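Asks: Would you mind keeping the following structure in view while I ask a few things?
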Amino acid sequence: MKGKLERSERQRLIEEGKNLKEGLAALEEDLVELTDKLQQEAQSIPNMTHPDVPIGGEDCSVLRRMVGSPREFSFPVKDHLQLGKGLDLFDFDAAAEVSGSKFYYLKNEAVMLEMALINWTLSEVTKRGYTPLTTPEIVRSSVIEKCGFQPRGANTQVYSIEGSDQCLIGTAEIPVGGIHMDSILASSTLPLKYVAYSHCFRTEAGAAGTATRGLYRVHQFSKVEMFILCRPEDSDTYHEELIGIEEDLFSSLGLHFRTLDMASGDLGAPAYRKFDVEAWMPGLERYGEISSASNCTDYQSRRLGIRFRPSSEISTGPKKGKTNIPTQFVHTLNATACAVPRMVICLLENFQKEDGSVIIPEPLIPFMGGLDLIRPKSK
């Protein structure tokens with residue numbers, strides 16, 4: 001269009017330019033649609049698995065460690081529901097009227113016990129160099145998807161907020177994973193270690209049966225979660241660190257538990273490798289899962305856009321701190337330090353006495369205001 005042109009030639013070029021612009025706009029719309037479809041297809045592909053992960057269903061999981069032995073009782077053992085009734089710790093009936101099934105009120109010393117567990121856990125984990133956080137408990141559904149969870153569908157565990165693109169979190173792993181979304185970090189800042197307290201909300205679709213009674217499987221609960229972002233070559237080491245912290249915490253409370261290397265069929269989409277901790281619950285007469293630790297490698301960071309640059313330069317966004325050094329995706333790991341309802345089950349059932357009272361483990365006593373025994377209430 002520059003320079004002298006015949007009027008007819010100029011007009012022809014103007015029309016051609018308009019056509020190119022319209023065609024480009026149409027192609028850009030198609031590209032956005034195709035990119036979204038590609039992203040959806042890619043998100044349906046699970047992570048790779050560690051070479052040492054047992055192949056098969058949950059029954060193929062391998063025992064890593066057994067700590068302690070089941071306590072022997074000289075009297076008939078009560079479950080946490082029976083103990084809670086005698087100690088006036090729960091109200092499931094009122095919660096069912098107010099909110100529906102699988103909700104609960106904690107009462108009296110149970111409230112103190114929840115707060116003690118949270119504060120003790122946060123104290124112990126922060127001593128190990130983790131930054132404490134509280135998190136948003138409502139997040140965008142896109143962040144949930146990028147973390148490897150499905151916010152929609154018949155069997156989703158996620159509560160969606162009608163008329164919005166937001167959901168309630170099922171774990172603090174999701175908002176903590178999103179803190180550094182679309183960022184380029186400097187290698188010198190890694191690892192980033194967080195310990196986050198939040199409430200968690202889960203639909204528990206498909207869960208039923210006596211094994212899920214009481215506090216074992218509920219729609220809302222408090223949890224303390226550990227989360228690490230690190231260099232790829234370090235993630236296996238930090239996975240061992242996380243399971244080690246969990247084992248230390250549960251050992252210091254005097255629990256009998258076992259640690260499992262979970263089989264491939266039980267990993268879920270994001271996990272490259274997952275260790276579960278199952279504690280003995282005398283009232284249920286079985287082991288129950290109280291914790292897990294997962295190495296998700298770069299599965300979440302690819303979707304969340306969390307990279308690091310192997311240099312001293314740092315950026316808080318994708319367009320800052322440009323250098324010729326190529327970026328890499330960080331690895332992310334998560335582990336449950338304390339899921340309150342199941343810890344309450346363990347403590348009540350393992351430390352019950354014949355008269356229905358419950359001994360408070362020594363590490364928790366200072367966080368219970370000095371209370372060392374929960375006694376039955378006088379009628």
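Just so it is clear, glycine is given a Cβ too, placed from its N, Cα and C backbone atoms.
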Asks: According to TrEMBL, which of these ranges is coiled coil: 10-44, 290-324?
Replies: 10-44
Asks: Given a separation of at least six residues and a C-beta threshold under 8 Å, show me what packs close to Ser292 (ATP binding site) in the same chain.
Replies: Met262, Lys274, Phe275, Asp276, Val277, Ala335, Thr336
Asks: Can you tell me which binding-site residues out of Arg202, Glu225, Asn334 are within 10 A of His219 (ATP binding site) by Cα, answering none if there aren't any?
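Replies: Arg202, listed in sequence order.
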Asks: Can you tell which of the binding-site residues Glu204, Phe221, Ile290 lies nearest to Asn334 (L-serine binding site) in space, using Cα positions?
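Replies: Of the binding-site residues Glu204, Phe221, Ile290, Ile290 has its Cα closest to that of Asn334 (L-serine binding site).
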Asks: Measure from the CA atom of Thr171 (L-serine binding site) to the CA atom of Ile290 (ATP binding site) and give the result in Å, rounded to a whole number.
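Replies: With the alpha carbons as reference points, the distance is 14 Å.
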Asks: Limited to the domain 'Aminoacyl-transfer RNA synthetases class-II family profile' (127-361), I'd like the whole-number average of pLDDT.
Replies: 91
